[in-house]
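J.: Please find one structure pasted underneath; my questions will follow.
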Amino acid sequence: MITTTALVPARRSAVRTLLATVTEHDGVSPLDEAALLALDGEDARHLLLTADGAATDTHAAEATAGSAASADPADPADPAAPADPADPADETLLGYVSVLGDGTVQGMVDPAHRRRGHGSALLRAALALRPDAGVWVHGALEGSLAFLTDAGLTETRRLLTLRRDLGGAQPLPSAPAPTLEGLRLDTFEESRDAEAWVAVNVRAFADHPEQGALTRADLEQRLAQPWFDAEDMLVALRDETLVGFVWIKREQPGATDRDAEIYVVATDPSVQGHRVAGHLMATVLERLERDGVPGVELYVEADNAPALRLYENWGFEVSGRDVQLRATERG
């Protein structure tokens, strides 16, 4: 089995081409933002299934392909682990799985090559690398859930997508004024706010496995994305101390004809209960509505009842589901 933590350009392009094919067929992307960002990094393992029928864990040298069945997977933290040494432009990619450093797994198989055991081969390879893997099914697709359940995995987490229309047909509710003195909203400035933003984010999402683990490097990676627009990132400052923030994501910066996403909204635990989050939400929703954006969506854990009630009061309704499953522990 071939392994690497760094995809060469041709394979990276092949993964993105397969992603477009699968997304169009299934109606939902099988990879989330973290997996997409990992295509350009070196913090994940990439399992590929090519037309020769071999599941390819791209972390060891190409020359080890013939001994895949007996070879131990390379240590992803081993600095001597080689990068993908070839640029196989003539390969046909049938399937792909991303294994992130936190154990998150997500993947896809070409619709034209399903029900041939490819998904099972990729799943076995991923679980061999990370027996504790959390495997995502984006869109909670019935066939994918059945496949993983039959393989012995059980649901452990559910993420909901909520959406609401913007415009006169569904007026925005009025938000009570915040109860903190000296509070003001301002546009995010990296040199001033980045460190405090990360610190507040860690505290606000202490129990969230992905968001709470965000580092300064992770923030900078997202600030460098084409969709980032500083005008869509607001911070709440109390006497110049950052105590909250809201971040809007538009796939095309400045676009007004497509839905926007509440990428993240949070307040420092020390000011929770002072209506700061509601003030941030009201501000960005009113701005998006003025811009003529047709709708807005956000993501929330299905078991977060207080957040669900809050967003329902804001007019949001469930529009999608993502499910994470894990292998059942054997006694």
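All residue numbers here begin at 1 and follow the chain in the order shown.
Using the three backbone atoms N, Cα and C, a Cβ is placed for every residue, glycine included.
Here Swiss-Prot flags 59-89 as region 'Disordered'. Annotated acetyl-CoA 1 binding site per Swiss-Prot: R115, R116, G117, H118, G119, S120, in sequence order, evidence recorded as sequence analysis. The annotation domain 'N-acetyltransferase' is assigned in Swiss-Prot to 183-331. Under the heading acetyl-CoA 2 binding site, Swiss-Prot lists V265, A266, T267, N304, A305, P306, A307, L308, R309.
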J.: Counting distance between Cα atoms, which of the binding-site residues V265, T267, A305, R309 is nearest G117 (acetyl-CoA 1 binding site)?
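T.: The answer is A305.
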J.: Given the binding-site residues R115, R116, H118, G119, S120, which lie close to T267 (acetyl-CoA 2 binding site), meaning Cα to Cα within 10 A?
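T.: Those close enough: none at all.
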J.: Using a 10 Å radius around its CB, how many other CB atoms surround R115 (acetyl-CoA 1 binding site)?
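T.: Other Cβ atoms found within 10 Å: 9.
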J.: Which residue, of the binding-site residues R116, R309, has its CB surrounded by the fewest other CB atoms within 10 A?
T.: R309
J.: Least buried of the binding-site residues G117, G119, going by other Cβ atoms within 10 Å?
T.: G117
J.: Given the acetyl-CoA 1 site residues R115, R116, G117, H118, G119, S120, which other residues of that chain have a Cβ within 8 Å of the mean position of their Cβ atoms, reported in sequence order?
T.: V109, H113, R114, A121
J.: Residue counts in helix (H, G, I), strand (E, B) and coil for the domain 'N-acetyltransferase' (183-331), per DSSP?
T.: 56 helix, 46 strand, 47 coil
J.: Let me spell it out: for each of the binding-site residues (V265, A305, A307), count the other Cβ atoms within 10 Å of that residue's Cβ, using every protein chain shown. Which one has the most?
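T.: Of the binding-site residues V265, A305, A307, the highest Cβ count within 10 Å belongs to V265.
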J.: Whole-number answer please: how many Å between the C-alpha atoms of A305 (acetyl-CoA 2 binding site) and G119 (acetyl-CoA 1 binding site)?
T.: 34
J.: Quick one: give me the count of other CB atoms within 10 A of the CB of S120 (acetyl-CoA 1 binding site).
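T.: Around S120 (acetyl-CoA 1 binding site), other Cβ atoms within 10 Å: 14.
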J.: Let me check the 10 A CB neighbour count of T267 (acetyl-CoA 2 binding site). How many other CB atoms are there?
T.: 25
J.: Reported as an integer number of Å, what is the Cα distance between A307 (acetyl-CoA 2 binding site) and G119 (acetyl-CoA 1 binding site)?
T.: 35
J.: When you measure from the Cβ of H118 (acetyl-CoA 1 binding site), how many other Cβ atoms are you left with inside 10 Å?
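T.: Excluding its own Cβ, H118 (acetyl-CoA 1 binding site) sees 17 Cβ atoms within 10 Å.
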J.: Determine, to the nearest whole angstrom, how far the Cα atom of S120 (acetyl-CoA 1 binding site) is from the Cα atom of V265 (acetyl-CoA 2 binding site).
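T.: That separation, Cα to Cα, works out to 38 Å.
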